[in-house]
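**Student:** Sequence annotations record features per position, and here Swiss-Prot assigns Zn(2+) binding site to CYS227, HIS230, CYS249, HIS255 based on sequence analysis. Sequence annotations record features per position, and here Swiss-Prot assigns coiled coil to 264-373. Summarising the annotation, Swiss-Prot assigns compositional bias 'Basic residues' to 528-538. Positions annotated as domain 'B30.2/SPRY' by Swiss-Prot: 413-630. The annotation zinc finger is assigned in Swiss-Prot to 20-61, 222-263.
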Amino acid sequence: MAAVAMTPNPVQTLQEEAVCAICLDYFTDPVSIGCGHNFCRVCVTQLWGGEDEEDRDELDREEEEEDGEEEEVEAVGAGAGWDTPMRDEDYEGDMEEEVEEEEEGVFWTSGMSRSSWDNMDYVWEEEDEEEDLDYYLGDMEEEDLRGEDEEDEEEVLEEVEEEDLDPVTPLPPPPAPRRCFTCPQCRKSFPRRSFRPNLQLANMVQVIRQMHPTPGRGSRVTDQGICPKHQEALKLFCEVDEEAICVVCRESRSHKQHSVVPLEEVVQEYKAKLQGHVEPLRKHLEAVQKMKAKEERRVTELKSQMKSELAAVASEFGRLTRFLAEEQAGLERRLREMHEAQLGRAGAAASRLAEQAAQLSRLLAEAQERSQQGGLRLLQDIKETFNRCEEVQLQPPEVWSPDPCQPHSHDFLTDAIVRKMSRMFCQAARVDLTLDPDTAHPALMLSPDRRGVRLAERRQEVADHPKRFSADCCVLGAQGFRSGRHYWEVEVGGRRGWAVGAARESTHHKEKVGPGGSSVGSGDASSSRHHHRRRRLHLPQQPLLQREVWCVGTNGKRYQAQSSTEQTLLSPSEKPRRFGVYLDYEAGRLGFYNAETLAHVHTFSAAFLGERVFPFFRVLSKGTRIKLCP
C-alpha cells in the first residue's frame, strides 16, 4: 500500500513539466537554451537582461577608473612637453581597421560596447549551423580568431608608433572579459545568450491548458514555495545561511560565494536524519507514556487513599465527638446529683444550727432576767437553771470537703476520659487471644488457659512440628489476621528479657529472632552464658531480612524496637508493665502503647505482603512471664 501511495500522478506530472521554472505558470512562447531546459522567451530574456545591467554597472565603474588614470598620464605628459595631439586621419585610419576586424568576427570594439552585442537575441537559422557546431565543439574557431585579432592589434600599434612620435598617445582599451549566461535550473554557463523556439512544447502546452486552465496547486513548484523577493520558485538551499533561495538569489552578492545545493537534496538529507531520530523518539515517548500512566495511577491511588483516610479521620473524630458529648452529659448529671445531695446536707445543718441558736437565745434571756432578781425569787428553781446552762454544748455544723477522687476533680476527669477513650477505640478492634502450643519452644511452658507463658525448669519433651520454634524461646498466638484492625494487650513481668509484637506466617521458626540477639537454646549453662553475652552486645544471630518479625522488648536494661529494616533504642518515660498492640493490616502499621497511660511507645511501617500476621511473644530469662489480658 505504501508503494501505491508514493506513485506520482501522471496528470500532475504532465502539468508540472508544462510550467516555467521562472514565472511558475504555463509556458508562453517557450524557447530552449543550450543545456536543453525550456523557459518562456520573456522570462529568460528578462532574467539575462537583469544580469547584463549588473555587468554594465561594473563596466561603467571600470571605465571611470581608467579615465582617471588617463588624465593623470596626460598631466604628466604635458609637464614633460609631450603635448602633440593625435592626428584625426590617424584616428580615422584606426577606426577603419577596427571596423574591418569587427566584420571578421571580433566581439569588442572601441566604438561599440560589448553589451550592445549581448543584448541582441540570437535565433538559430540555417546559416548559423556551422557557428553552433563550432560552439558545441569547444569554440575552437573563436580562439583562432582571438589569436588573429591579437596579431592585427600588434600591427596597428606598430603603425601608430611609426606615424606618431607622441609617446603618450592613448592606446585602445583592452578587451572586456567575456561574460557567461547561466541556466536558472542546472546552473550550466554559456559564453553568449542564445536560444531557439520549441514549437512542439508550445503545442503541448496549449493542449494541457485546454485540459487544465491553471497549473495544479499540488505541484512540486507550489510545495517548494515562492521567493518573497523575486517571486520565483525556491529550488536551491544555501548551506552557509541555511535558508532556501531561488535562482536569482543564487546570483546575488549575498549568496554568490556561498555553497549552494539543490533544495531537493537537502530535503532528502534532512528526511533521512529525521528518520534516524524517529525510532529513538518513539521509544522515549513510550517510556514517558508508561511513566505518565504509572504516575497517573499513583495519583489516583493517592487520591483514593487520601479520601479513605479523611473519611476514617472524620469517622474517628465523629466517634470521639459523640463520646465526649456523652461523657460530658454523664459527668454533668452526676455532678448535679452530687451537688444536690451536698446542698441538702448543708440545708439540714443550717436548720439545726438555727434551732440551736434559738434555744441558746431563750436560755440567755432567762439567765439575764434571773440575774436581776433578788431574794427568794432568785433562789427559786436556781439549780434547774444552772443545769440547763451547763448542759448546753456547741455542736459545730458538718463541713463538706471535696474529695480528690470525686468526679468533679480535674485529675479524675482526665483519667476517666483517657481510660474510656482507650476502651472506645480498642473495643471494636479488641480480640481475645490464646497461645498456639504447636509453635512454642520446648523450653517454654504455657498456662492451662493458654494465656500465659514462662520458661520451664527443664526442657520439655514435645512432638516436633513444622511451626515450632526450635532455635529461640518464642511462641505465636493461635489467631492470625489477614485484614482489618486488631488490638490486644499483654502484661509483662519479671526481671528481664522479653519481647512482644507480631510476625508473618512465613517467619523462619528454626532460626533465632527478636531483639537482643539469640535466645536460650537448650537451656544449659554454657548456652545461657553465651546467650547472655550476646544479648549484652546486641548482636543478632540471623540477618534481619530473614526474620519477618516486628517487636518491642528489653533485655532488662534497655528497651528497643527491632524489625527486618530497623533496630531502634527506646527511652520510654515509664517502664510499661502492660503493653497495648494495635495492628492496622491495610495501612501496614503496627503500634505499641503503654496500656495504662496510653502513651505511645513505637510504631512500625510494615509490609505484610498478603500473608497472615500472628501475635508474637518471646521469653529470654527465668522469672519472666507474659500474660494475655482478656
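Counting begins at 1 with the first residue displayed.
Here the Cβ of each residue, glycine as well, is placed from N, Cα and C on the backbone.
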**Student:** Run through the zinc finger (222-263) and tell me, per DSSP, how many residues are helix, strand and coil.
**Tutor:** 9 helix, 11 strand, 22 coil
**Student:** Neighbours of the Zn(2+) site CYS227, HIS230, CYS249, HIS255: Cβ within 8 Å of the Cβ centroid, same chain, sequence order.
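**Tutor:** Result: LYS229, GLU232, LEU234, ILE245, CYS246, VAL247, VAL248, ARG250, SER252.
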**Student:** Least buried of the binding-site residues CYS227, CYS249, going by other Cβ atoms within 10 Å?
**Tutor:** CYS227
**Student:** Over all shown protein chains, what is the count of other CB atoms within 10 A of the CB belonging to HIS230 (Zn(2+) binding site)?
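**Tutor:** Result for HIS230 (Zn(2+) binding site): 17 neighbouring Cβ atoms inside 10 Å.
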**Student:** Have a look around HIS255 (Zn(2+) binding site) and count the other CB atoms within 10 A of its CB, chains all included.
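**Tutor:** Taking every protein chain into account, the count is 19.
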